[in-house]
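One structure is given below, encoded as structure tokens.
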Amino acid sequence: MIIDRVEVETINSFWKLELLKEVYGLISILPILTLLLGITIEVLVIVWLEREISASIQQRIGPEYAGPLGLLQAIADGTKLLFKEDILPSRGDISLFSIGPSIAVISVLLSFLVIPLGYHFVLADLSIGVFLWIAISSIAPIGLLMAGYSSNNKYSFLGGLRAAAQSISYEIPLTFCVLAISLLSNSLSTVDIVEAQSKYGFFGWNIWRQPIGFLVFLISSLAECERLPFDLPEAEEELVAGYQTEYSGIKYGLFYLVSYLNLLVSSLFVTVLYLGGWNLSIPYISFFDFFQMNKAVGILEMTMGIFITLTKAYLFLFISITIRWTLPRMRMDQLLNLGWKFLLPISLGNLLLTTSFQLVSL
């Protein structure tokens, strides 16, 4: 069979088209891979910072042997957990036992979809961004409850129940605070919320317009992250390790990862909702606007936005780490009373007050 020149060119064009499709497919997943790499690095930095700050508060030496200044200690711990034996409970539900950590990790990772780290640097600028985060974050306690129930251990089961009760108690005040911010910004999009704060400069940040909501959001975020003084689901003195008691190896490492991912997500949302996101309200912004047509300056602006966002997030991280070594753990009844009898009425009153001001200003 003889193939003429036209057929050869047609075959080559189809081959090039398929090759282009593969290249476009790789390019489309590049932002996701970049974000995952950035999240991994951020978690390692947070673990190192927590150990160094905790050591400084307790007047002792922190990690110093694994790498320079102990920077590789988190990698060493993760590698150790990776090669540990994966022990399964003999009388537990093995399928639920294995699925629980995965649900918790995936639900937290999905929250990064709607977080704008910088100007035009967000994976999904959705019109319901903040509500999507609240909905996704409500899935994580289901994974913790599954982990506790499937372990066939009383300590694990109690820890799972505590995690579910704590999440339900503090999710509602958190939602009311987000609703108040959305009313001020006239949008549920995280990008629109940041841009609404940038209109009035530094004093347009929602921390000044919603101080009560900020405090409620801060406390509720710490409770959602299960940080001291709200770490009742894994209280060592009462429940050994809570829902993590029967876990070992990589599954235990996933729960360890979830706690720091939760802390990172909460810090970023505090920054986006109350601290102006990537905006700093200093003269360099007008300088970048003047040279907006330059692509290099646009990349520099995006990089500066990411740096500013992360710097503000680290402020919240420092506060949460300091609180861990400052306040004692609460009892379960105190935790529930704080959520239902104190934070819920305050957040509801703040929402009604914000709604009234918005109606009057129309």
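Heads up, the Cβ atoms here are built off N, Cα and C, so glycines get one too.
Features as listed in Swiss-Prot:
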type     : residues : note
TRANSMEM : 29-49    : transmembrane segment
TRANSMEM : 103-123  : transmembrane segment
TRANSMEM : 128-148  : transmembrane segment
TRANSMEM : 164-184  : transmembrane segment
TRANSMEM : 202-222  : transmembrane segment
TRANSMEM : 247-267  : transmembrane segment
TRANSMEM : 303-323  : transmembrane segment
TRANSMEM : 335-355  : transmembrane segment
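Using a cut-off of 8 Å between Cβ atoms, the transmembrane segment (103-123) and the transmembrane segment (164-184) share fewer than three residue pairs, counting only pairs 6 or more apart in sequence.
The stretches the transmembrane segment (29-49) and the transmembrane segment (247-267) are in mutual contact, each linked to the other by at least three Cβ pairs under 8 Å (pairs 6 or more apart in sequence).
Contacts between the transmembrane segment (247-267) and the transmembrane segment (335-355): absent, as fewer than 3 C-beta pairs lie under 8 angstroms at sequence separation of six or more. Of the ranges 164-184, 303-323, 335-355, the one with the most Cβ pairs under 8 Å to the transmembrane segment (128-148) is 164-184.
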